[in-house]
Amino acid sequence: MSRVSQARNLGKYFLLIDNMLVVLGFFVVFPLISIRFVDQMGWAAVMVGIALGLRQFIQQGLGIFGGAIADRFGAKPMIVTGMLMRAAGFATMGIAHEPWLLWFSCFLSGLGGTLFDPPRSALVVKLIRPEQRGRFFSLLMMQDSAGAVIGALLGSWLLQYDFRLVCATGAILFILCALFNAWLLPAWKLSTVRTPVREGMRRVMSDKRFVTYVLTLAGYYMLAVQVMLMLPIMVNDIAGSPAAVKWMYAIEACLSLTLLYPIARWSEKRFRLEHRLMAGLLVMSLSMIPIGMVGNLQQLFTLICAFYIGSVIAEPARETLSASLADARARGSYMGFSRLGLAIGGAIGYIGGGWLFDMGKALTQPELPWMMLGIIGFITFLALGWQFSHKRTPRRMLEPGA
């Protein structure tokens, strides 16, 4: 086995272990933020939505800068620094009793993510061969789902005692992850050339096809982020207990572990990437519309199942398509910019979703936010169809397995 092949094989295992630690650290804390501050402390949902939206926008919106710096200086220092910064954000969140302190903790957490997320994504593109990326992204997403359940279960159990224990556990996991990277991650370059920060950013911004694709995905993310805000609140409201939230993530894990990899393997040779992405988005949009009209957990969990199935169809195609469009000379910059759609869509989804949720309650129209999200999903579906029409998009970009 050549040294390059050996590095790729070892790199796969490193990426999987690293991803599990990051997912556990994140999901111990973040699914419980809305429960803690809205249900336990009585804050307005929009106040928590601002905090979650700020974290999302800082982490993803500034990702191009984190990616460009990583292109210049390498992945390791950025990843280690970012993970320690996120640990500091979680520690601060544990003592937050005013909105400004929660916002500051989410700002720190998001800034840490800005530093470590783009280089971690670029490492996947660097180490995994193009024909294997779709399946590897599916494995990562299966791991994300399992980690989300374990993290949410652990966080829910700790929340019975003290929210500070929840935040301390998340902080410790990110400190462990930083030490793991500092010890084992080689000083790999992310790009084929040592791209100056400004040059990497220029390459991305001049790629109109990539920029359009990323911005179009903002509508997709407005729906996707509700698993952190409105869906947990809805489950808690109907069940009357935050303990029920863990079953929402258990559903996601079961569906992902049983369906994600088989669907990805089956569809990658039969359907174009944009068709898989659009099909998943359509299922997600349809499942959102009736949520505000349900009256029991069985109905709600059925719709959540449909939502997760849509995500299972869409996510591997979205990640694979983003990676396939990245310029090898500026991988970090491209993968950083690819998060901008999540920054915009996530921020609007959190803040707008929280505002609409409060508005729906005030007007006794609980279906209002869910109807609006469904409409946004349909508009995004049409926009993607227009962008990826045969007349506008080179065929080789969208081939099955590309």
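Using the three backbone atoms N, Cα and C, a Cβ is placed for every residue, glycine included.
In Swiss-Prot, PHE271 does not share a side of the membrane with LYS361; the two are on opposite sides. As annotated in Swiss-Prot, transmembrane segment covers the listed stretch 340-360 rather than the other ranges in 46-66, 340-360. With respect to Cβ pairs under 8 Å, the transmembrane segment (300-320) is most closely packed against 139-159, considering the stretches 99-116, 139-159, 340-360. Beyond the transmembrane segment (244-264), the same-chain residues lying 6 or more positions past its ends with a Cβ under 8 Å from any Cβ of the stretch are 27, 31-32, 35, 134-135, 137-139, 141-142, 144-146, 148-149, 152-153, 156, 227, 231-232, 235-236, 238, 297, 301, 304-305, 308-309, 312-313, 315-316. Spatially, the transmembrane segment (368-388) is not adjacent to the transmembrane segment (165-185); fewer than three Cβ-Cβ distances between them are under 8 Å for residues at least 6 apart in sequence. Packing against the transmembrane segment (139-159) from elsewhere in the chain are residues 15-16, 19-20, 23-29, 31-32, 35-36, 124, 165-166, 169-170, 242-243, 245-246, 248-250, 252-253, 255-257, 260-261, 312, 315-316, 319: each is 6 or more residues past its ends and has a CB under 8 Å from a CB in it. Nonlocal intrachain contacts for the transmembrane segment (340-360), taken as residues 6+ away from its ends with a CB within less than 8 angstroms of a stretch CB, comprise 44-50, 52-54, 56-64, 214-226, 228-230, 233, 292, 366-369, 372-373. Across the topological domain 'Periplasmic' (235-243), mean pLDDT in this model comes to 80. Long-range contacts of the topological domain 'Periplasmic' (361-367) within its own chain (CB-CB distance under 8 A, at least 6 residues past either end) are made by residues 291-293.
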